[in-house]
Structure formats: C-alpha cells, structure tokens
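**Student:** Structure incoming, see below.
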Amino acid sequence: MAWWKAWIEQEGVTVKSSSHFNPDPDAETLCKAMKGIGVMSSLLSHQAAAFTFPSPALTSPWVQGHSRCIPAGTNEQAIIDVLTRRSNVQRQQIAKSFKAQFGKDLTETLKSELSGKLERLIVALMYLPYRYEAKELHDAMKGLGTKEGIIIEILASRTKKQLQEIMKAYEEDYGSSLEEDIQADTSGYLERILVCLLQGSRDDVSGFVDPRLALQDAQDLHAAGEKIRGTDEMKFITILCTRSATHLLRVFEEYEKIANKSIEDSIKSETHGSLEEAMLTVVKCTRNLHSYFAERLYYAMKGAGTRDGTLIRNIVSRSEIDLNLIKCHFKKMYGKTLSSMIMEDTSGDYKNALLNLVGSDP
C-alpha cells in the first residue's frame with residue numbers, strides 16, 4: 001500500500017486505548033514500581049515543615065495510603081505492563097495523575113529509575129508523537145556528525161499535516177526552525193531534497209493522474225540521467241518531491257518503459273551516498289510505505305549488533321498507526337515474523353517491552 005493511504009488504516013494499530021481506563025490506579029502502580037521515587041519521604045518533609053509533630057496531616061488516611069508507594073526495588077515489568085498497554089493519550093493522562101498525586105514528573109522519574117535501552121524505549125513512549133519525532137530530528141543534528149538516515153526516514157514518510165505539526169513542535173521545544181537547522185547542518189543536493197520534502201508537496205488523496213504529464217516527467221527523468229553524461233539532480237529532486245504519490249507511480253511505470261530499467265536502478269547508477277538514500281526512500285515510500293518500514297525494522301536487527309534507535313523509533317511511532325500491516329509485510333518479505341526476530345536479537349525487559357508493543361503475530 002502506498003504511503004498516502006496508510007494513515008487511514010485502522011486495522012494497523014497494535015497499541016489501542018485500554019477499555020475502562022482510569023489514570024489514577026495506573027499512576028499508583030507506577031509509583032509502587034519505582035524504588036527511588038521518594039514520594040513518602042518528600043511528603044513527610046513537606047508536612048513536617050508545615051506542622052508541629054505529631055500532626056494529624058501525617059497520620060491521615062491519605063498519607064498512610066500513599067506509604068505503599070515506597071517499594072523495595074524497581075519493578076520494570078510492572079512499568080512495562082502499564083505503559084506499553086495504554087495509548088499515547090492515556091499515557092499523558094497517567095503522567096498528569098502522577099504529578100497530581102505524587103508531585104513528581106513521571107518522565108523524569110522514569111529516567112532516574114531505568115537505564116539503557118529500556119529507558120530509551122519507555123521514555124519514547126511518554127512523548128507526544130510529534131514532539132518525539134521533533135526530538136529524534138533534533139538529536140540527529142546535534143553534536144558532531146549528522147545522522148542523515150533519521151532525517152530522511154522521517155521527512156520522506158510523513159504527510160504534509162504531520163510535517164507541519166513536527167515543525168511546530170520542533171520550534172516550541174528547541175527555539176529554532178527545523179528547516180533552518182537542516183539547512184545549517186546539511187549541504188548541496190542533500191540539503192535541497194530534505195528542504196523540499198519538508199514542504200510536504202506530495203500530498204494528494206484525490207488519486208487524479210494526468211497521463212500526459214506523467215509521461216513527460218518520465219521523459220524528463222530519463223533525459224536528466226540516462227541520456228546525458230552526468231546527472232541533472234535538481235530535475236530528479238523536483239519531480240520526486242513535488243508530484244503526488246499517485247502521479248509518481250504512473251511516472252515510474254512510464255520511466256521503466258522508456259529506460260528499460262527501474263527508477264531505483266537509475267537512481268543507484270546516477271547518484272550515491274545520502275542523496276541516493278533520500279531518493280530511494282521517496283520511491284520506496286511512494287510504492288509501499290509498509291514495506292519500507294518493514295525493511296527498516298529488518299535491517300535494524302540483521303547482522304552483528306542492533307540499531308536500537310531505529311528499532312525503537314519505528315515501533316513506537318508506528319504502533320498506533322499501522323504496525324500490524326507492517327508486520328504482515330515483514331513476514332512476506334523475510335519469511336519470519338517481526339516478533340521472532342525481536343526475540344532473537346534482544347533480551348530481558350527491553351525485549352518484553354518491544355514484544356508488548358508489537359503484539360501477536362499475523
């Protein structure tokens with residue numbers, strides 16, 4: 001399924017809202033699960049400063065009831081069971097309840113209680129979706145070196161509305177323009193294609209295609225690459241980033257008739273590096289968004305080492321959109337289930353949390 005249709009697929013969701021949801025018991029369960037939260041000690045200090053000992057406030061049922069939030073150690077599985085089985089909207093409500101009941105920020109408390117890959121995954125779940133993607137883009141550009149693959153993945157696979165929300169969240173959280181930061185951190189044709197993708201000009205759910213324009217675009221692409229010495233990169237960028245997905249599919253068909261090779265093969269022979277990756281990603285997302293994410297997840301785990309950032313980002317960001325459909329494509333493409341590969345490649349609480357988010361096998 002092409003990318004512009006994927007956003008309306010309800011059957012794709014693996015993490016759904018919990019029925020009969022109440023954030024208060026969930027917040028208390030999380031409180032009990034965390035050893036270093038210090039809820040009772042901070043409460044006692046506050047009350048001791050305000051009252052002469054012994055104070056009725058310190059022996060009230062409310063305070064006595066909350067003394068059960070002082071656990072012996074961190075119960076990671078309890079945290080996983082709550083947060084991986086609630087929707088993002090419900091997690092935000094749990095965080096508000098946690099702050100109201102215990103006077104602490106839930107995300108910061110989770111950071112202090114967890115570590116490593118599990119911490120990274122659980123904290124990712126606590127972000128609002130657009131703020132999480134804005135964070136991933138910011139982290140990809142901060143410090144030495146730029147992680148172009150992350151920027152390409154997000155910008156090439158989101159709709160115009162989603163990109164607008166990400167840009168808004170980015171500016172609110174980091175005080176700068178996403179477009180300007182991309183321009184400052186990249187250069188050349190890569191910069192141009194990323195900025196072009198950020199405009200979200202490929203959105204068009206009408207499905208209308210002008211056959212004559214599609215043929216002309218295919219001829220222009222052929223003339224810009226295969227027919228000349230060198231490549232007219234801007235012609236490729238303009239067509240790939242400004243035409244609708246339905247239109248591009250027709251262009252790809254016409255191109256193959258003219259060039260006797262796929263658009264992917266031409267891109268591979270005419271470009272290289274991050275620009276090649278960006279163009280190929282646009283083509284892959286246009287052809288089938290679910291297959292693209294299945295491929296991202298597969299190569300995050302294939303071979304020595306695991307690209308945990310890619311694994312976490314794509315499972316978290318797709319779990320309330322189309323992860324079930326991605327799982328189906330994963331099994332067709334690689335002959336194994338996503339969950340079986342996660343079981344082989346990860347371990348411990350981190351593995352359990354990922355499996356909860358992925359859900360049952362197709």
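Cβ from N, Cα, C; glycine included.
The feature Ca(2+) binding site is assigned by TrEMBL to Met301, Gly303, Gly305, Asp345.
Locate each feature and note its surroundings.
**Tutor:** If you take the C-beta of Asp345 (Ca(2+) binding site) and look for same-chain residues 6 or more apart in sequence within under 8 angstroms, you find Met301, Thr306.
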**Student:** Measure from the Cβ of Gly305 (Ca(2+) binding site) and count the other Cβ atoms within 10 Å, all protein chains considered.
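**Tutor:** Result for Gly305 (Ca(2+) binding site): 9 neighbouring Cβ atoms inside 10 Å.
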**Student:** Apart from Met301, Gly303, Gly305, Asp345, which residues in this chain have a Cβ no more than 8 Å from the mean position of the Cβ atoms of those residues at the Ca(2+) site?
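**Tutor:** Surrounding the site, in chain order, are Ala300, Lys302, Ala304, Thr306, Arg307.
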**Student:** Taking the Cβ of Gly303 (Ca(2+) binding site) as the centre, how many other Cβ atoms fall within a 10 Å radius?
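**Tutor:** The Cβ of Gly303 (Ca(2+) binding site) has 9 Cβ neighbours within 10 Å.
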